[in-house]
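Here the structure is laid out as C-alpha cells; the discussion comes afterwards.
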Amino acid sequence: MSPKRTTQDVDCLELAHLRDARNGKYAVVPKDAKTRDICFMGAQDETLEMNAVTVVKGADMVNITFVTFFSNNSKMAEQWSNELIRIAYSRANRTPSKFQLLEKMYVKLTILVNREGRIPVKTLKKMLANSRDDKKRIDDVLQASNIHPQEGCIDPKKFTFNNFFTFYLRLVHERDVDRVFQELGAKNKPYLTKEQIVKFLNDGQRDPRLNEILYPYHTEQDAVKLIKKHLSSEGLAHYLMSHENSVIPPESYILWQDMDHPLCQYFINSSHNTYLSTISMDVFLLLLKAIHWTFYFCFVKILYFKWQFYGHQFTGKSSVEIYRQVLLAGCRCVELDCWDGQEDEPMITHGYTMCTDISFKEVVEAINETAFKTSDYPVILSFENHCTPKVQAKMAHYCRTIFGDKLLVDPLDDYPLEKGQPLPTPTDLRGKILIKNRKQKTDPHKKRSALRKISRTVDSTSSLPQPFHGEDDHRAAKSPSVDLEKEGGTLGLNGDRKLPEPVEEEESDSDDDETDKGEVKKEQGTAGQEAEAGAEMSALVNYLQPVHFHSFDNADKANKSYEITSFVETSAMNKVKEKPTEFVRYNKRQLSRIYPRGTRVDSSNYMPQIFWNVGCQLVALNFQSLDLPMQLNLGIFELNGGCGFILKPDFMRRKERDFDPFAESTMDGVVISGQFLSDKRIGSYVEIDLYGLPHDTVRKKHRTKVIIMPKLAMLRISVYESNNNRMIGHRILPVETCVQHEDLSKVHLEYLGKASLEDSNIQLFNGISFAGYRHVCLRNESNQVLMLPSLFVHIKVGDYVPSGLAGFADALSNPIAHISEIDKRARMLEELAADTYIIESPDPEPGNDTPQDITQEDGPVTEEATPASAAPAQAPDHVTSSASASATATPVTNRSTPSYVKKTTSEGSFGGSTPKVSKIPLNPKISSISAISVDSSYH
C-alpha cells in the first residue's frame, strides 16, 4: 500500500464481527484463470489455495461476506488464519469493556487518515454523528476541548487518546457520572480521597451476598492500584468504563465450570434444521409465476423481503456454509435431514417442500473442518434419516472416512452401554463426534413377528409358543428360508434353530394415547416418518440411541442413560404442565431433545427457557432466525468460554432432590432494582425483561422484582428507537453468573494454555460482580458487540428475606456482630440488676413497725401485694444483687411516704407463663426502678 493514501483506499475490518478465517482447500479463491494468475505469488510447488487466507465477516450467520488475502508463503498464510481465529474468539475481543471500545475507536481514527497523515473531521463526524445538530455539537466540543482543526483536519500528535477521551466525555456529557462523583463526597473539592474510594468500592460496587472471608473487602492498597492517590471526575468515568467494572465478571466468559459431570447434566447449545439459511429467490419467483393473481404481486414481493432473512421451512434455501457458522457460534448439536439424491448420493434438504438440496458429503466435510475451531468439546450430529439402506451405507462410509478418529464408534471402556451406567463426561469426549440416528433394535412386537416366520420353517415336531399357532403369514410361506440373525434368532452348534429369548413388553403410557395422532404427525413434520436404520449407520450409534417415549415410569424402570427421546415442542409443553417434577428427574439420568413444531413455517422459535426450567439439555432452535428466543440462547451460551456446554444448577443434578419449576417457595432470592432506565419516548426508550421460572418471568416492567431462582434467570435490557420501534441494541445478563468460584486458580488453565493465573492475564477484584454502577455495552441481534451504544445503569442486588426472619438472617450473615449484641444486652441487664435491692431481714425488733402496720396506717394494699416478712424502717445493712430466674428487689421506704415497686415473678421459663405483679416498698433514695426477672437460659 502506498504511503500516500486517501481514506477511500483504507477499510477497517472489525474483529468482533469476524466469523471465520480459512486457509487451503476451503479458502475462497477466484475461479477465472487470468485472475488466479494475477493473485498467485508463491512457490511452484504450492497452489493458490495454500497461499490464500479467506476472512468471513457478517452481522449474522446468513448474510456474510468473504474477503481473501494472498501471501507468498503457505506457512505464513496458515499462521495468519490460525491467529485471526484465536484473536477473533478471544475473551477480550468478544466481551470488551466500554473503555476498550473507545480505544478501538481511537485506533480506527488514526488509521483512517488522509494523504498528509491527518485525521479528517468528517471521519470523526461520520463515526459519531447522525444529524446536523450532532455534527455542530462535535465542532463546539472540539473547540471547548482546545482542539482546533486546521483545514478540516486534526493532527494525531495533538489528538492523543487522553484528548480523545476528554472529548468523548464532553460530547456525551455524562451528567450521571458527575452526580455520582458529587454524592461520593467531592462536593467542595475536585477529587476523591482513598478513604472515600474504598467506601465506594465496598458499599456500592460490591455484591452484598459475598462472604467477607472468601471475598475480602477492598483495602486502600486496592484503591491505589485503581486510582493512584486521588480520583477526579474524569478518572471516575474511566474506572466505571473499565474492564474491572464490567457488569458481568470477566471470569464468567472463560471456561470455569466443572466439565467432569455426565453429559446429561449440561445444557447443550443445539440447532434445528441447521441447513436452512434464506428463502430461495428462484423458488419464490417460480411460485409467483404459478400464481396468476397479479393483483397480489406487490404484497408477495413485500412478503419476500420480510422472509429473506429467515430460513423459510417451505421455500428455504439450504446451505453448506450455515453449518460452519453455527458450529463456530458454539453450537454443539446440528441436524441433518438426509434423503436419497441422484445416483444414490445422499443429500440434505427439507422433505416434501420446495427447499433446495445440498450434498451430504460437502456438509460432512464442512463439519469436519469447523467442529473444533472454537470449542474442543463433543459435537452431536442429529440425523433425521429418510434414506434407503444402500444410501445409508454410503453415508456411513463418508462419516468414517472424513471424520476419521474424531468419530466415536465404540463406547468408552469406563462407560459401557449397560443399565444403570452414567453417560460419559464432556471431558472424556473432547474432540469427538457422536451420531444420533436410529439403531437397529428388535422390539417385542417385531420379535413376535420373527417367531411367526420361524414357525413356518421349522419342523412340525418343533415346539413353539402356543399363541403363534394358527396365525397365517404369507411372507413366511413365500420365503421358507429366514435370516434368523436379522429377525432375532440364532443357530445352535448342531445346526438347530434357537429362538430369541422372550423380552418383557413395555406398556405404553396414557400420555401419548390422549393426544390425537393426526395432530401429533402434523406437529412433528417429517421427523415422525424416518426410515429403518441400516446396519452401517446403526453401527455408528452408541451413547445417543433414539427411543419412543412411553412414560416417565417406564424410563425409570429401564434406567438406560444412553437412550434419548426427541419431543416436539407441543408434546414437551404438555409434559412440562402435567409432570414437571418427573420431567426434571428424567433429565437427570438421560438426554432429551426439544424441536420446534412443524407448523412454524417461518422458522420462528419457541422460548427455550420453558424447557431449560425442567432440565432439557438439547433445546434445538432455528439459528437462522435471530428472534428473541435465539437472542436469549446466544446470550446464555456465550458464558463458560462459549464452549457450548452450561452446567445445570445443582438442584437439577442431585438425585435425592426434587425440583418443581412452578413452586413459589423462595430459594436463593435476589432483589434487583434499576435506575437511569426510563420508557419515556424521547429519541429512544428502554425495555427490561426478566426470564426464568414462571414466577420469575416479567416483561417490560422496571420495578423491583424478587427472583425465586436466580441461577435460571436472565435479565434482558433492550433499547429501541421511539419513532419506528427499531431495536438499537440489547444485552442478555444472567442474574447469577460466577459469584462463587470454588477455586479460581483452577479455571482450566490448560484450556487457556497458561501455566498460572499470572500468565493468563486474569485480574481478580474482590467482590465485583453485577451490583453497583455499571456501563452495559449493547449487542446486536447476533450477539455481536456494538461500538457505541451503551447504557449507564445502577443495579442493586441483595438476598431476599421475609420480614419475620430478618433478625435470624442478620445473625447468620454476621454471627460475630450478633454475639456481640447479645453480650452487650447481657451487660446492660447486669448493670440494671445491680441497682436493685434484695432484703435479708432479721427477726422483727420491738418498736419497729411491720409492713402490715404501714399498710394499715398509710392505706390499703391490693390483694396482689406481697409485703416483706420483717422489713426495718431504714435501709438494710445486708444488700445483694441478683440476676437469677426470679430475682426480686425489695427496698423499704419511710413509713410516712410509702412507694412501691412492681415485683414480677414467672412460673416457668422466660416468656412462658403469665407474670404475677405485686407492690413492694422502695427506698426513697431511688426514684423509680422496676424489678427484673430474667431467664438464665437466655444467655
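Just so you know, glycine gets a Cβ as well, placed from its N, Cα and C.
Copied from TrEMBL, the annotated features are:
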BINDING   Asn273, Glu335, Asp337, Glu384  Ca(2+) binding site
COMPBIAS  865-890  compositional bias 'Low complexity'
COMPBIAS  891-908  compositional bias 'Polar residues'
COMPBIAS  926-939  compositional bias 'Low complexity'
DOMAIN    537-653  domain 'PI-PLC Y-box'
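Residue counts for the domain 'PI-PLC Y-box' (537-653) under DSSP, helix first, then strand, then coil, are 48 helix, 20 strand, 49 coil. If you draw a 10 Å sphere around the CB of Asp337 (Ca(2+) binding site), it holds 25 other CB atoms from the protein chains shown. Most Cβ neighbours within 10 Å, among the binding-site residues Asn273, Glu335, Glu384: Asn273 holds that distinction in the structure as shown. Over the domain 'PI-PLC Y-box' (537-653) the predicted model carries a mean pLDDT of 93.
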